[in-house]
Amino acid sequence: MPGWKYAFSLNREAVKAATPPGTVRLIEPTTTVVIPEAGVTTTDRFSKYPLPTPDPADPLNWAPWRKLACISTVSLYAFVSNFISACIAPALPVWNLEFPEDQRKIEELMQFVAYNILLLGFGNVFLVPVANIFGRRAIVLISALILFISTAVGATTSNFVGILVVRCFQGFGSSASETVVPAVVGEMYFVHERGRWMAFYTAALASGSVVGGISGGYIAVRLGWFQVFWVSAVLAGITFLCSVLFVPETIYERGAHCLPIQRNLPRPSRYWPRTPAPYLSLVTLPSMRMTLPSRFRYTGELDPTYTWYQPSSSGDLSSSTAMTPTRLSKQVRSSRATGPGNFSYHPYTFSDSLKFGMYRGRIKYQFMKPWYTLRLPATWIAMLQYGGLVGAVAVISTIGPQLLILPPYDWGADTGLLFIGALIGIVFGAITTALLADRRLKAFAKKQDHGYAEPETRLPIMLPALALGTGGLLVFGFCAQYPGEYQWIGLQVAYGMVAFALTQVPSLWFSYLIDAYNQLASDCFAMICILRGMVPFIWLLFVIQWIERDGYLVPFGGFTVIMGVFSLLIVPILWAGKRMRIATARYVVGNQ
């Protein structure tokens, strides 16, 4: 099988022609005669990847309104989860006023934020495997219900330890919003559509923190501490109800092991024209659906007991074995077919969308699978960059309001206005990502001789965002260190820079992981969210003491250096990302 030595020994043309997991044929040239005088004109046609099945229950075939309702609901869940996580930060100073008998230092109160973020990350170690076993819908509903119940309990809890426990359950109930939800988005849309919809989701994800930061202080000061939880409980209840109605199961079974290359084909004797099947190796398997030449494609009736996947015994492109049909187990035949061998499907109704997914078993394997993704370099890079940006936002959103209460600002209940700069950054980040991500992917595929789309194509878009996010930390530290009448403008701009990066960078990374690793993407998200929880948790635990000892500039300068190192890790992916996917193809194919 191809490994690291093999991948980096290939010349540039061999790498360009290779089709490891994630490389798909997006453009297929078609020839059209326009007018006799003009001769022959070649036009390009976009291919749909993944290939949809004839089944209306296939999420790729859902009606636009159903897809829109689903992505709007899961984006609402992401928004509310981050709203609940962030709204308590500007309300922390109200604690000592609301509970004078239980006075707490600010570093103790910051545990409400730190432990919530920690559980938001670590909860996915449990939730993602369970979602792979029982389906996405079940986990989204259970998580939304836990979020609603814990928030309602918090509205009636008046002691420090009780609130801390509630915040931990809120974090656990929010976990699926950053792992299962992006998997849902990826399973509904084709490769050339994911960029814009992932931008829509990440904009909702990031704006929840901002809106929560703006409103949390006002609610706590003007309505009281407990109203922060009551407002959050109402939002969580609406989210749960919408999830029950509008989030169907998006995992769609296509074979015994859900391999992305599995697709039913007829018996070999029914190919037309009768020519030998192409020779394919492990490197070409994951994208064979798109690279199979049109003369080998079959448009007649399908025999559901045959598939065109069979593991290759060699990873060498030059000595791979021919693909031969392999008989499938009867259990993998679709239960929605109207009869044996008959692929006329029932319509997909609203009552069908309320059903839960089927049990998939392999419990031990599913719980171990997220840890296997640590063998994939992109998982580590996305993990560090996303964790660093979330840590930056967590520190700014917690320290900023405390800073603006003090002279020369004296903003009082208006400290939440600091988040307006972040909201502007999120809007710009979402717009630029939605406009550029898919457009760049299509433009790159058109320029290629083979019409291939590569997951790395979208990643250069995040270079300015990484630079802005890193620089924003330094700007914030400088403005906080040297307060002045107009330094709040610098604080706003700095927060906007970091928020812009937080919107764009995870959006592009989520799209990359779904494109490159397909059904392993949710397992990658689980690992990413572990560090996403650990980094802000660690930073929040010691940042107050560090600021008290050295001021603002030194800690934020240190954060800038750390984020700068994380940002530079994008260079190896841009330079040799496809070689890395060739080297790790055996891990992806073997763990689908």
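Heads up, the Cβ atoms here are built off N, Cα and C, so glycines get one too.
As given in TrEMBL:
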DOMAIN    70-592  domain 'Major facilitator superfamily (MFS) profile'
TRANSMEM  68-92  transmembrane segment
TRANSMEM  112-131  transmembrane segment
TRANSMEM  138-166  transmembrane segment
TRANSMEM  198-221  transmembrane segment
TRANSMEM  227-247  transmembrane segment
TRANSMEM  372-396  transmembrane segment
TRANSMEM  416-438  transmembrane segment
TRANSMEM  459-483  transmembrane segment
TRANSMEM  489-512  transmembrane segment
TRANSMEM  524-547  transmembrane segment
TRANSMEM  553-576  transmembrane segment
For the transmembrane segment (68-92), distant same-chain residues with Cβ under 8 A (at least six beyond the ends): 62, 106, 109-110, 112-113, 116-117, 120, 140, 143-144, 147, 151, 167, 170-171, 173-174, 176-178, 181, 184-185, 188, 197, 200-201, 204-213, 215-217, 219-221, 225, 228, 231-232, 235-236, 238-239, 242-243, 245-248, 250, 397-398, 401-402, 415-416
Folded-back contacts onto the transmembrane segment (198-221), same chain, C-beta under 8 angstroms, at least six residues removed: 71, 74-76, 78-91, 94, 177-178, 181-182, 185-186, 227-228, 231, 393, 397, 401, 412-420, 422-423, 426-427, 429-430, 433-434, 437, 499, 502-504, 506-508, 510-511
Intrachain neighbours beyond the transmembrane segment (416-438), with Cβ under 8 angstroms and 6 or more residues off its ends: 90, 192-196, 198-200, 202-203, 206-207, 209-211, 213-218, 393, 397, 400-401, 404, 458, 461, 465, 488, 491-504, 507-508, 511
Tertiary contacts of the transmembrane segment (524-547) (same chain, 6+ residues out, Cβ under 8 Å): 106-107, 110, 113-115, 117-122, 124-125, 127-129, 171, 175, 178-180, 182-183, 370-371, 373-374, 376, 378-379, 382-384, 386-388, 390-391, 393-395, 398-399, 509-510, 513, 517, 554-555, 559
Intrachain neighbours beyond the transmembrane segment (112-131), with Cβ under 8 angstroms and 6 or more residues off its ends: 81, 85-86, 88-89, 92, 138-139, 143, 163-164, 167-176, 178-180, 183, 363, 366-367, 369-370, 390, 394, 398, 522-523, 525-526, 529-534, 536-537, 540-541
Taken over the domain 'Major facilitator superfamily (MFS) profile' (70-592), the model's mean pLDDT: 82
